[in-house]
Amino acid sequence: MTSTKEIKQLQKAKSKAQSSNNLKEEASLCNQLGEVYAKTGDYQAAIEEHRQELALSEILHDVIGSAVANRKIGECYAELGNIEAALKHQRLHLNLARSVHDAAEEQRALATIGRTYLFLFDSDQSANSLKHAEDAFKRSLAIVDERLEGTVSPREISEMKARLLLNLGCVYDGMKEPQRCSDLIRQSIYIAEKNNLLEDLYRANFNLGSIHFRNGQHSRAMRCFEQSKECARKMKDKFSESECFHSIGKILLHLGDFSAARRSLKKAFCLGSQQPSDREAVKKDFRHAIRGCQLEQTAAEVTQKFSHEALDLSEQLGDLYCKVGCYSKALEAYQTQLACAEALAKPARELAVIHVSLAATYTDLRQHHRAVEHYRQELQLRKGNPKEECETWLNMAVCQEEMCQSMETLDHCFTSALNCAEKSGLNKLQRRVLRVWLQAQRRCGSSQCDDTEARLMELCERDGLSLDQSEDEDEEDEVDNSEPLEDSDIQYSESDDEDLEGYDKMVTGRRKTQRWNRRNEKGETVLHRACIEGNLKQVQYLIEQGHPVNVRDYCGWTPLHESCNYGHQEIVAFLLDRGANVNDPGGRECGGITPLHDTLSCGHFSVARLLVLRGASVTVRNSKGHTPLDTLRQWFKTYSGQLDPETKQECLETEKLIKRALSGDVSVVCAAPRQQKELQDSQLFDAEYSEPLLRESPPSPPPITRPAATVPTSKDSAPKHRSTSASTRRPRGMEVDVLYGDDSSSSDNPDSDCSLSPLRPVRSRPRSPPAQSPQEVPSSQELPSVYGIKETTVPPQSESGRLEYQKAMQNLGSAKSRLFSQSLSDPAFTSTPAVSANSRAALVPEDQYLADDWLEDDLIDMQPKKKRRVSEHNATRETTSRSQNNSSTIAEVPPRVQSCSSRGSLSLKKGSNKPRQVKMNQLPGMVMLGRREVSRSQSPIMTQESDHIQEPAPPSHQAMPPASFQNRAAHVPAPIRMRVKVQDNVFLIPVPHSEADSCTVAWLCDQAAQRYYQMCGLLPRLSLQKEGALLLPTDPLLAVLHTNEEVLAEVCSWDLPPLPERYRKACESLGVEENRRVSRVCEVQDSSSCVSVCGLSLSPASLNPLLRALKLQASLTELRISANRLNDELLPEMMAAAATMPRLRVLDISANQITGEGLRKASDAFETRSQAAFPCLEELNLSMNPLGDGWTQALASLLSSCPLLSSLSLQACGLSARFLQQHRLLLANAMASTGNMRSVCLSHNALGSTGFELVLKTLPMHCLTHLELSAVCRGPSDQPSMEILTKLLAQGDCPLTHLNLSGNGLTDHSVLLLARCLPVCPSLVSLDLSANPLVTSTGLHSLLNGLVEARRPLGHLNLQGCQVSGPLAEDCLDSLSDHIRDLRLCSQSLNKLDQDALQQSWKRRTEAVHIFSRNSKCMLSISSPSH
């Protein structure tokens, strides 16, 4: 229910209570009304309601009611900033609660008073306010602890405690006591979590996150905000969730991650904010994030390191980084700007500005000495400009003061500043210097204050000002130079819709971007199609509904390009009014053609004049170097022989207007004023849905060139008029029209439906014979006035009849022959060198534009005869891309179903279908490969006149005998299949016969990628190679490959969306339900270097999609999946996923029910690899898995795949001596081959004495530093043999530092053998002999004697669980403290006197001593205590 509706209902109920004289009900309704008003921010109205509640409660003698009313009034006053009035009413609340001995209400009163003092601290920053707040909160907490037990519910008590602890934490935050603050807030979080108090948990996490953010602890802040966001989501509180997204976005902005910040801030904006100020703050940060993404993307596309473009981008990025507080990246940007400026030899004035930016940024980073360096460099560059020098000296003085420099140093800076100010002659500047100087002197307690103040007073009196009179500074606050952001301009992406799940009924005004992102095969949106078809109403509707104006198709054309190309003047004007880029050069395939170039190339002069008057550049050049004037002259030169006087006059007027614009005599007409917006819709339209200016690889058919203007067939065929308005509007296509390219509706029917068909293929105008060889067009300075001269076209006399005949035949032939002949002809006129044969023009002449009639029908004898003949009407119809031909053309080329566009004679005069240019991507049937053109087959065309599919009728001279015809028709073609090898997988991909001719290499890449994704869970971007040669994506498949031929696919990159999205897709692909805990882990640990799902007991079905999602997580260094149910079947999948993580250092799969069989399966997958599967893995934990014996070879194979492995843990894996009786040497070689193994843990495996001996023979003792062999004996009679161990330790080069032999039934004799090794094994610093009850004081004496002989201390000795008893000799006690730094004993065998003697001997040490003695433990340490 909305607040307005709730208020109306409460007011209605209040009126009813008043009419019935129900005072108690009326007071209750006043209370509710006041709360609603306060929630909406109308605190004055809330105060009035609570005043009425107070009056009614006093009449009713309701003390608690009066107390509550006073509390509410006080809270409203506090929100309004009237602290005095707030405290007055809150103290009344406290007194009333005490008068009736209501402990709960007294507690609330004290908490409210404390909160009010916190409000006061925000404004006055007074320690006294904090002290009052602390006192109130502590007294309130004491009441909760002492007086409320049993009187209120436990949940309420927990709620009160959580809130009071949070408030106290905020108090100590203000007192600058971070540890107490953190402890209290964490206590609040714990209580809230334990009792499921979502609102309090949200508030505590949010406050703690804000504190971490303020202290620069970004990762902790992010974690807190994520937790508070989850609470808000559970509470279905969209405003609170929006606040969390906003805070996360601000952190990401502060880190300079604009892309991630934009995603978070977009979610915040979509969810909305309760207060207008909060919404404006979100919009401001959102704008910064969008701008940052755009600048970073543009900067990534800059190819030249030192260029003007790089210079401008660096400055903009630096300024933006400063705005969002990311000063470290701002420094990098400004330093790049400085390097560019110096390389480009920029003047000193510009270099000085950059030094100012660097100095200010260093000041923000508190690196004042670096700031002073840049100010000094600025000073050198400002020579001769006293005003700027003065500003620099003042800035230097501020930095020097921050550096705590002496007053003499500051006086030097201020004196220099004052001298510069006097040179400038600006009294205002002199007064400013003196004011700042005086303030600095007062802060430092200088004795010169009086002199400076006298000089300032003298200067003020001279100008008629008082000393205390403030002056406006010259500097103005920085104003954001963007327009106000309108909510309707925001474009939501699909991911945002998913993030808003659960709020579909709560969030108003949400729009789906899918409706604007639907494109046809050419990448055209619905707006493109509306502009092409001239449907002004549809264009207006789409723009009003929020369709982006500057969206591009796959080639790069915008809707403005299309409307200019088709000459729709009203649409052009409307698009310009709505922010269309009038100078957009198009995409990479568009040849730098602006809308003005485009419309001039088509002869739409009225549109061209409109563009010029609306600010279109007349100096910009396309990729051929042509200006708009060059384009106009080229068009005139091409068609001058067919123009009527009226058209020539229009051409002349357009030329004059362009020349006036070149001289600056044209005043630009601005668009009609509209409500300004902060962000253009194209800015907020996601880049993943709106095609970028430069596209690496279009996702659909490759860009194809636009047809250029048509050449009239002959001068005699020109009609009397030429129209500049659209004449080819078409009705909306039905589904069959879209699929089969039906274009049979009349374009001349004025009553036809003009609504939009977003997937209709475009039609070109009728084609004419090719133009004559163009002559060189005069330059801009020497254009003759030929527009009024009537010219005639005379064919060249030197051309023989044979050449004329060949040209005619080429024009009538197939697309292949026409284009091939054209590629051999002379290049068209250009003011720049001719383009190579392999290059493609963005505009293609319409006589080469084939539209839907691109198929060369050379399989006519394979087509069966139709039972019904094609109608006479259809047989005589022309395609949209063919010109009028004589009867020989119809006899040679089979007729097709074509458009019923007008067959009137071609013309360039008004009232006719004028020639126009068609886009590259509107050639649906061919791909240009240098000079070779491959024609593709096309789906049959359906007409509205007949329900039957019309096929071309075979010509009479190729008719086949009926029997032969039937045999061919009955023949079933062999299947077409391609074999694609992607890494270690080979896919057999069938090619449908119906699409075989149209399939390209890109299609095959896509099919292979989808199959690889289904198998491995990764979506690659592939390129194909055949015998070492790279296949282009645009290559026709059957032209480069044969059926059953195998090609090698190389992975160019991987499609890796954020981890939560990958997990969601993996669940969909595997058909399993998402696990909420795993989804939460993915969200929290997406950008983390560690992913941990330990202890979740996840089933294989829940783990499988997670493992798929984690593949190729390049930043991952730690993967911990312990205590789950991975099992043998899923282990190979997990290992395969881990092998795709190039930086993985730690892999923990302990306690996952893995057996030796699973390990064998996993190792088999890596045997065939030529490179190590885990090149960076350092730690592998397989503990607590029932591996058993018999998999030594598999372990050796796995270790061979980890060349950097240094730590291996096989604790409690059910191993015995048989584990090493086979393939032991193989395992030993795998461990020793790399020389990196440092730590091995085989504890809690029943190895016995035999296994113990085999382990020591297998392990690489020459490099091992940590060895854990605790509890490996099988019984009291099977003790491990110490002789081999002592022999290894006695070798001089043994690097072992930590040895654990606990729980192995060792005796004093075993310890004696170890003690003899101590003098010859100096590296051993830690020895764990705990849980060996047969070790007594004798063993301890042996160790001490060995240490005395070694003349070195032992860092750690653990004898807990051993029978070390007293009495201990005096020399033994002294030796203990001298030679053991950390000793751990079992005190059960030591009496009180022995323990005291031991502690006293330890305390005689001069170093810091830590002693812990409790129950059966006695721990003595010289260094810091071990935890």
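Heads up, the Cβ atoms here are built off N, Cα and C, so glycines get one too.
Sequence-distant contacts of the region 'Disordered' (1-21), counting only residues of its own chain at least 6 positions beyond either end whose CB sits under 8 Å from a CB of the stretch, comprise 29-30, 32-33, 36-37, 39-40. Marked as region 'Disordered' by Swiss-Prot: 1-21 (among others).
Marked as compositional bias 'Low complexity' by Swiss-Prot: 10-21 (among others). Helix, strand and coil residue tallies for the compositional bias 'Low complexity' (10-21), in that order: 10 helix, 0 strand, 2 coil [DSSP].
Confidence for the repeat 'TPR 2' (67-100), expressed as mean pLDDT, is 90. The repeat 'TPR 2' annotation in Swiss-Prot covers 67-100.
According to Swiss-Prot, the feature repeat 'TPR 3' maps to 107-147. Packing against the repeat 'TPR 3' (107-147) from elsewhere in the chain are residues 67, 71, 74-75, 78, 81, 83, 86-87, 90-91, 93-94, 97, 157, 160-161, 163-165, 167-168, 170-172, 174-175: each is 6 or more residues past its ends and has a CB under 8 Å from a CB in it.
Residues or ranges marked as repeat 'TPR 5' by Swiss-Prot: 202-235.
Look at Swiss-Prot and you will find 242-275 tagged as repeat 'TPR 6'.
Beyond the ends of the repeat 'TPR 8' (352-385), by six or more residues, the same chain brings 315, 318-319, 322, 327-328, 330-331, 334-335, 337-338, 341, 392-393, 395-396, 398-400, 402-403 to within a C-beta distance below 8 angstroms of the stretch. Among the features that Swiss-Prot reports, repeat 'TPR 8' is placed at 352-385.
For 465-502 (among others), the entry in Swiss-Prot reads region 'Disordered'.
Feature annotation from Swiss-Prot assigns compositional bias 'Acidic residues' to 469-501.
Per Swiss-Prot, the feature repeat 'ANK 1' maps to 522-551.
The repeat 'ANK 2' annotation in Swiss-Prot covers 555-584.
Look at Swiss-Prot and you will find 591-620 tagged as repeat 'ANK 3'.
The feature region 'Disordered' is assigned by Swiss-Prot to 692-801 (among others).
Per Swiss-Prot, the feature compositional bias 'Low complexity' maps to 742-761 (among others).
According to Swiss-Prot, the compositional bias 'Polar residues' annotation covers 773-783 (among others).
For 865-922 (among others), the entry in Swiss-Prot reads region 'Disordered'.
Within its own chain, the repeat 'TPR 5' (202-235) is flanked in space by residues 162-163, 166, 169-170, 173, 178, 181-182, 185-186, 188-189, 192, 241, 243-245, 247-248, 250-251, 254-255, 502, 1080, 1083-1084, which lie at least six positions past its ends and keep a Cβ under 8 Å from the stretch.
Secondary structure of the repeat 'TPR 8' (352-385) per DSSP (helix as H, G, I; strand as E, B; remaining residues coil): 27 helix, 0 strand, 7 coil. Secondary structure counts, DSSP: the repeat 'LRR 2' (1141-1168) has 9 helix, 3 strand, 16 coil.
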